[in-house]
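As given in TrEMBL:
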- 105-201: domain 'Glycosyltransferase RgtA/B/C/D-like' (DOMAIN)
- 15-32: transmembrane segment (TRANSMEM)
- 105-125: transmembrane segment (TRANSMEM)
- 154-173: transmembrane segment (TRANSMEM)
- 185-208: transmembrane segment (TRANSMEM)
- 220-240: transmembrane segment (TRANSMEM)
Amino acid sequence: MKLWDRLTVLFRNKYAALIFFTVVFFLTRFLFLGTDEINPDGVNWHYRSQQFIVGLKSGDFERTYQHYHPGVTLMWITGVPIEIYKQITGYTTYDQYNFLGFNTVAKISVVLAQLVLTFILLYYLSKVAGFKTAYLSVFLFSLEPFFLGNSRLYHMDVLLALFMFIALLVSWLNLKEFSYKRSVLAGIFLSLSFLTKSIGIGTLLIFFHNTRSLYFNNFYSLPGAMGETGLLLVGNIRRVRKGRYKKRSRANSVRGDHAGWGNFILPFGNAYENNTVLNRRANPMFHEMFRFYICARKKYPF
């Protein structure tokens, strides 16, 4: 029996296919998660997420502005579980003895968020190319080595890629068949892309390009505008008096001893001498995502 025939048998039951995908996703993401590597940006985001939650709890919204990225979604996704972990364990200070526990909680939170977003992506992509093609596409790029490696980091690149891809899919589907619900949903994911990383604003440029159609006026209806504008405003609460706070927040992002800045102590010692520290500059993942997007456009032109 050919491989495609075997896959066809699997696709006859969508629930079985989704369960199989979930098992593979978990096996490739959760094994040794939290102890496999420590990337410099991840160490910074531990501190930023903690300060973000401290700012929310204390009502000091200045403190919720932690970095120019801005990384709001990452701080929400990891900050809340880490705060719960603190309450359960009684640990209030990061140190070389408990850091791996905090790191594992943060990474599990990010991976679970990625799984939810991947299912959302699969749902909307199946409306474009059918379930079988969508399933294989998502399955393959989820296992692509660079994408897989990034998904195991305490970072926001994979979140950004998924938010952007979903936003483009929803906006295109809405242009083909207008819906107020999809207008708001497109605005939400466009906003989440920008709130994850400022480069997400590029999604909006593609979005504007695609609105050169008969649906232009409908897409910019009041619900659609409110969905996008509302989240941008809510997410940018952190920018209150940012001119005075920016210098301080950048100082907070430096790794090391921050005992005076919210109980964050992280001296690099023997606990990390065997771990791999990654320093990533290039980001070809976005090129691959947009290549997939362009290929989809050629087969399914807007």
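Just so it is clear, glycine is given a Cβ too, placed from its N, Cα and C backbone atoms.
From a predicted model like this one, the values you see are computed outputs, not experimental measurements.
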Next item on the list: Could you please provide the mean pLDDT value for the domain 'Glycosyltransferase RgtA/B/C/D-like' (105-201)?
Entry: 88
Item checked: DSSP helix/strand/coil residue counts for the domain 'Glycosyltransferase RgtA/B/C/D-like' (105-201) -> 85 helix, 1 strand, 11 coil
Check: Which residues of the same chain, at least 6 past either end of the transmembrane segment (15-32), have a Cβ under 8 Å from a Cβ in it?
Finding: 108, 111, 114-115, 118-119, 135, 138-139, 142-143, 148, 151-152
